[in-house]
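Have a look at the structure below before the remarks.
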Amino acid sequence: MASPASITLAEVARHSSPNDLWIVIEGNVYDVAEYREDHPGGDEILRQFAGKDATTEFQDAGHSNDAYVKLKTLLVGSLQSKTLPENQPEESSRIVSIAVSDRGKIPTKRQARNGNDTSKYGQLPSLVLAGGLALLFFTLKQHPWQSIQGYLSQAQVSRVQSSGWVGFLGGFLTATTLNTAAATFVGLTAKKTLLLRHRELEEYPRVKQHYLPLPPKKPGISGENTQQFLTLVDRQCIAPNVYKVRLQGDGLVIGLGQHLKVLAEIDGRKIQRSYTPVSPVGNSPKVDLIIKVYPKGQLGNYLLNLPLQSRVEIRGPFGRYSPSPTWKHIACIAGGTGIAPIYQVMRAWPGEITLLYGNETWEDILLREELEQLVLQSPRRIKVHHVLGQPKSDWKGLRGWITREMIQDLLPEPSSSTGFLVCGPDGMVRAIRGHFEAIDANGEEKANVFVF
């Protein structure tokens, strides 16, 4: 089997268009152009890292074994070692077996240091014991009792004879000396053993631990081969050209931030589209999806005209997202149907959360009643700001597009304890990225931004 080609980072950067899209993950180069439409997280995430190294984001997002299997089919080659980023190891971390007979042949700096420490401490027990015996000999020479038993008898007499205080003091010093010598000998011997054990443990290589997001309390089944047929049981119009579709099935488990693929055969072609459920996460027989129907949208119109009680093919769920445990505040920016994954997080997140939600009109706001209910339940913890592009004349809220000034005025400042979640149309997401780049350039800390 031929070894994979060696590719420079500069060559990878030349493949950064939607139809010619290469990315780097863990030192390998992948061509993901044809995989954009099938990517569970949407093609926007892949285009974000076109021609770049996406190792950190790939590892932070968490992926199933199926994702690694799929990557093998997209492999182009490996990144040249000299072009690897500083934080990217040339080889994956692995545990190395070390034979006992080989230890110590080529000592490292740490081993040499530990060896000197143990030899230094190893001489102390003998010195202390010798000192204790010398002190005991000196004491017995000054007070020549026949034996320890005789000394004890002498000590008892000294309790009632005022002239025997010297004997009592000598006995006390003798006992103290013996106890100190014995305790020191045992303690330092044990310390020497522990230092040797510690040195042996340090001979093994340290394996770098990458941050992994916390899994959902009820993780969903993930994988492209997870296929089910659910029944369309309800369909309601909740905004102009937007419908809430309810599917019913058996044993479907949805985790936080996961989405489903809905598939249908239309005009002899298999069409698929990803949707994030807005129903509660966990094991539920019913799944609610938000579907926006466009005039030329094939799958949306298919679901709009599909008779109730019809079977709908789905795959997944895919993906997984959990906020960082170090975050205390989450700032969300959503547009249109991008509220679906944001709403999932808002409902599950126990900390503070602030939402900037952009729509054209008041009637276009999705899940408006559900969002209002969250605010009523936790008015101090949850805040929602609506931004309308074409509001009525009596609208007193925010107008136009979501701007950098809105982000800076209404959302928390970037910090290690704050996360930013973004989901919406591609144009809005690109604009928000530009705003954060400007904010990062002028701020002390960079924003922790995650795009669904």
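Note that the numbers count up from 1, one per residue, in the order the chain is shown.
Using the three backbone atoms N, Cα and C, a Cβ is placed for every residue, glycine included.
The domain 'Cytochrome b5 heme-binding' annotation in Swiss-Prot covers 4-80 and is backed by sequence analysis. If you look up Swiss-Prot, you'll see 33-38, 80-83, 116-125 marked as FMN binding site. Residues or ranges marked as heme binding site in Swiss-Prot (evidence: sequence analysis): H39, H63. Annotation comment: Swiss-Prot describes 120-140, 166-186 as transmembrane segment. The domain 'FAD-binding FR-type' annotation in Swiss-Prot covers 225-324 and rests on sequence analysis. Taken from Swiss-Prot, the feature FAD binding site applies to Y302, L303, L304, N305, supported by similarity to another entry. Residues or ranges marked as NADP(+) binding site in Swiss-Prot (evidence: similarity to another entry): G389, Q390, W395, K396, G397, L398, R399.
Swiss-Prot feature annotations superimposed on the structure.
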residue: A33; record: FMN binding site; contacts (Cβ under 8 Å, 6+ apart): P18, N19, D20, L21
residue: Y302; record: FAD binding site; contacts (Cβ under 8 Å, 6+ apart): A264, I266, I271
residue: L303; record: FAD binding site; contacts (Cβ under 8 Å, 6+ apart): L232, R235, Y243, V245, V262, A264, I291, V293, V312
residue: L304; record: FAD binding site; contacts (Cβ under 8 Å, 6+ apart): R235, Y243, I291, V293
residue: N305; record: FAD binding site; contacts (Cβ under 8 Å, 6+ apart): none
residue: G389; record: NADP(+) binding site; contacts (Cβ under 8 Å, 6+ apart): G358, N359, E360, T361, R399, G400, W401
residue: Q390; record: NADP(+) binding site; contacts (Cβ under 8 Å, 6+ apart): E360, T361
residue: W395; record: NADP(+) binding site; contacts (Cβ under 8 Å, 6+ apart): W362, L388
residue: G397; record: NADP(+) binding site; contacts (Cβ under 8 Å, 6+ apart): H385, H386, V387, L388, P391
Residue among binding-site residues R36, K396, R399 with least C-beta crowding, 10 angstrom cut-off: K396
FAD site shell beyond Y302, L303, L304, N305, criterion: Cβ within 8 Å of Cβ centroid: V293, L299, G300, N301, L306
For Q80 (FMN binding site), nearby residues of its own chain (Cβ under 8 Å, 6 or more apart in sequence): S6, I7, T8, L9
DSSP three-state assignment (helix, strand or coil) for N305 (FAD binding site): helix
C-alpha spacing of R36 (FMN binding site) relative to K396 (NADP(+) binding site), in angstrom: 41
Between L398 (NADP(+) binding site) and R36 (FMN binding site): CA-CA distance (Å): 35
Check: same-chain CB within 8 A of NADP(+) site center, minus G389, Q390, W395, K396, G397, L398, R399: H386, V387, L388, P391, G400
Number of other Cβ atoms within 10 Å of the Cβ of L398 (NADP(+) binding site) across all protein chains: 19
